[in-house]
Every structure is written in C-alpha cells, then in structure tokens.
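Worksheet: the structure to be examined is printed underneath.
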C-alpha cells in the first residue's frame, strides 16, 4: 500500500478520527522522509515527447520503480494507454531478451506506437499493438536499458528475476489502479522466452496466496513468445538443421562434416546436462556457421535475418538499421527528461548490457520449457510464433520443442494418438503470410519472410495475430477489417486495416461524416436559395405596393407597418428554427456516426486525475547479445 500523504491525513481529520497539531504534523514529515517522497501517477506523466508527430500526444507514463531497496535496484517502464477499446480492456506487457537487452527495442522498433524516422523525428507505426491494448514496456532485469542497480548487484537466476518483477507490478498497480482489472498478456521475444513463463508462474502463485478482498487477483489471460529461447536442448541442435534447410550449408560438404563434429559434441553435452540453459560447446556450432560461410568481402550471414549479410564478426549485431537512430534519440537530454529518467542514473541508455548478460547465467534455473505444460493445463493460452528467416532462435527448434512437449493428455500437436493437428495456410490481404497450428490451448504461428524481430518486418500482420489471440472483437466499433484468412476462410472480424494514426474504422467514420456534412450543406444551400427568392419576391411586392400608396397619400407621413412586419418575419425565420428541408440535417446525427468506443477515453479515473498541475492542459487521447536478442 502507498504511504499516507498529507492530503489523505486531512480527510481523516475531517472524519473525526484524529486531530493532529501542526507541530506533530511537521515532526512527522521531518522524520518520515519516505512520506514526503512518495510518488503518485502524476510524477510519471509524460507531458511532451521530443520529435512526436503533430497533433495530440498519446497518453503515456514513464519512469523508475524501486524493486530492490538494499541494492538501489530500479526497473524502468514506459506505458502507453490504448487508443481504442474493443470488447474488453487489455494490457500487454512487453519484454525483450538478451538477457540484458532493453525493451525500448520493442517500443521504438517493433510494437510501440512510434518509430524513428531519423534520430530526432518520430512517426506513427502502422500496425502498433496499442490499438486495442495498453502497452507496458519494462527494462529488466535490473541494470538493463534505463533500469539500474548498484554495481556488483546484478541478479543471476530466473526466480530472482520473477520475484523482482512481481514487486514491480505490485507497485505499478498501486500507482495505476485503473489498469489492475485488465486482461493481462505477457509478450516478448528471444531470451524473454525464459523470462515470460517464470513471470506467468509467479503471477499464478501470487494470485493463489490471496485470501481476502484486500488484494486483486491479476487476470493473466495469455502469454506470447516470438522466436523464443525456450528449450536449449532443442534449439542448439537446430542450428545445423536450419542451415541445411536454408541452403547456408550444403549437406555432405566438407564444411557440413566439420559442423557435424561440433554437433556431436553439443549433443553429448546436452545428454550430460539436459536442463542447462547455456552450453558453451553448443554455441560453437553457430559461431562456426557464421565464420565459415563468409563471402570474399568478409561479409557473414546476419544471424537474425539470413536474407541479409553483415561485416564479420558482427554478423547481425549492426541490425536492425533503425538502431542508428534509436540510440542517439534515447540518449538525448530532452528525451531523458521527458521520460522522467532518474537524474541519479549517470550512464546513458545502451541497447544491451554486457554486465547484465554475463552475470545472468541462470546456472541453477530450469529451462522455461518445463513450465509450459503446467501453464497450459492451468488454462493459460500460449502463443508461440517464429519468423522463418531467423537463425539464432529459429523456427526449427521451436517446432521441435512443441513436438516433444507433453501437456493436456497428448504429445505435441496430437489431436488423438498418431493424428496431428493440421497446419492451416494463412493469407493476409491476398498474400501468403504463414501458417497457423493449434491444439489443446497452444497456438503456433510461422511467419513467412520474417526475421528474429517479426513485428519489425511485419507490424500489421503481427497485430492481426495478436488481435486473433486476444479475441479482439471490433464488431461494435465498425470499420473494414483487414483481409486476413485461414485456409481461405475469413474468420470473425478481429483486426482492422492499417492507418498511421488511427484505425481504419475511425477513418471510415470521418469520411462518412464529411460526406454527410457536404450533403447537409448542399441541402442548406438549396433551402437558403429558396428563402432568398421568396424574400426578394416579397420585398419587390412591398416596394411596388409602397410606391402605389405613396402616390395616393403624398401629403401624409406614415411608417409602413407592412414593411416592418414582413422584414421582421423574414429575419425571424433566418434566426429562428431552420426550414423543413434544412432541418432534415441534425448535427446530432454526426455524433451518432461516431461509434462510442472510437473517441471515448479509456478510463475516467486515468484521464486527468494523474495530472495534478493546475496549469496543465491534458492532451486529447488520441557471443551475441542483441535486439530482443538471445545469448544462447
């Protein structure tokens, strides 16, 4: 619980519980430094973001939350409120891998609402995941990205990581209670394939300990892992298999024979230590593939996207190309200030921390693949997806771990003994997108022509996948859904077409409003013309009649009463109710064209209550350690 603040003590005094003197209050504040420093949501509010596109700023919060007071351990988060609500309120927590790689990769290069056009200009991400879900990016473990901890206090094991993450969530929900009832999905990629199942298990254990109504059980509704490092025992041997399938190495060649020797050594190490997460001898297979497939220009395969090449020995460490803009942007002083970065953190943002990676060896942790069966059997849906051009955490290893895993009374994607769930062809807007496979609460999606970072390559397709998994229903907000089909069948509308700054539904509504307005203006114009013609006719009649009268009564001054009454009636009609034809257009009809969900704020509590500045005008809602990368 949050510590008592002066304002809340005042409300207690009003209720007659206690009468505290000013002297006692001052002493309390003096000897309770944490009381004076307790933060509120307003302290995390992002009031501006350098380089953001024109228009209202998306609602966001960012900053540090302490998870280890003894060692000054703090986790950094960046939260975006969703742009629209479909049928339920959802929050997606996103984690990148490493270990020790910042989730700002996900925020600015994959699923976040913005991408960098250059190192000082942001543009909207066409396919961002914040369309129907709040996004919470967290730099973890401590020491990663903008997160920090005292030197020599980095953590080592997966259970330490998950315990600190639960502490983070407890404190985060205290700051932002309006989101605590959301459906929660934990998503990420690469080495986050180890983190996510451990966090999911810790959430379940935390929920099971709740005995009263003083705490809220968190609604964990699913986990999503892309190109995950989940089962090293399957992933290490898949390097050579993948290299054969993609034509990186020719089977039967002298190189292949040499690599098979390394493969044999690796398999013996796995047999001796089947639960090891990091095996040095197995990493040698990947290193040899990269080193011995260089071209004449010393260009090696990009281990994250084998369609590309990179200078040796980087072999993908310079990828993706957006990195050249992300790093200088996140190191800008004005950006650091805007994101409420603790000024005591002296070091600037780094994509991946070697210190975190080398310390987090998980030597005493079981690989997360062993947690998946229990999670599935407890009712937690799991989505595993892979880009087919990734080498380091390739789809061959993911498919092998699924085939070997037993859960809910079957092995792999068995639907009955010896019968396997079919692979369904997926097309997106008329183009082959990949395959879907499902059995007993587990979904697998293979993306065609995608790298280690699928949302980086295919943002809209990945959003479509997410919407389907979360069962987003856009029927109540209208709009034309994306043409996404499984085996040629267009399933329920779960994803909208892409638009840089809104949903296609909203754009369509705006176009419909504009069309209605023009029709109304045309009607009003026609009506006004008729009124003018009538008025001119009446006025002409009045002039003609007046002149006749003046000729008959030239000796008498008389104000023409008929003239006044006709003009008054004419002006009254102009200023009073519109004529029948113009009245057919009612501006309230325009309001009805807006679906209630499109322009509605997410939560009444969260709109401006967290911005306490009286001058604030809230915006309208409107080895390898790498990007999300794995260090096998």
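Placed from the backbone N, Cα and C atoms, the Cβ positions cover glycine too.
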- request: Have a look at 524-544, 545-565, 566-586 and point to the one annotated transmembrane segment in Swiss-Prot.
  value: 524-544
- request: From the ranges 450-479, 480-509, pick the one that Swiss-Prot records as region 'Disordered'.
  value: 480-509
Query: Given the glycosylation sites 119, 126, 441, which one's Cα is the least distant from that of residue 449 (N-linked glycosylation site)?
result: 126
Query: Hey, how far is residue 126 (N-linked glycosylation site) from residue 119 (N-linked glycosylation site), Cα to Cα, in Å?
result: 19
- prompt: Mean pLDDT, the topological domain 'Lumenal' (39-523)?
  reply: 92
- prompt: About how far apart, in whole Å, are the alpha carbons (Cα) of residue 441 (N-linked glycosylation site) and residue 119 (N-linked glycosylation site)?
  reply: 42
C-beta crowding around residue 449 (N-linked glycosylation site), within 10 angstroms: 16
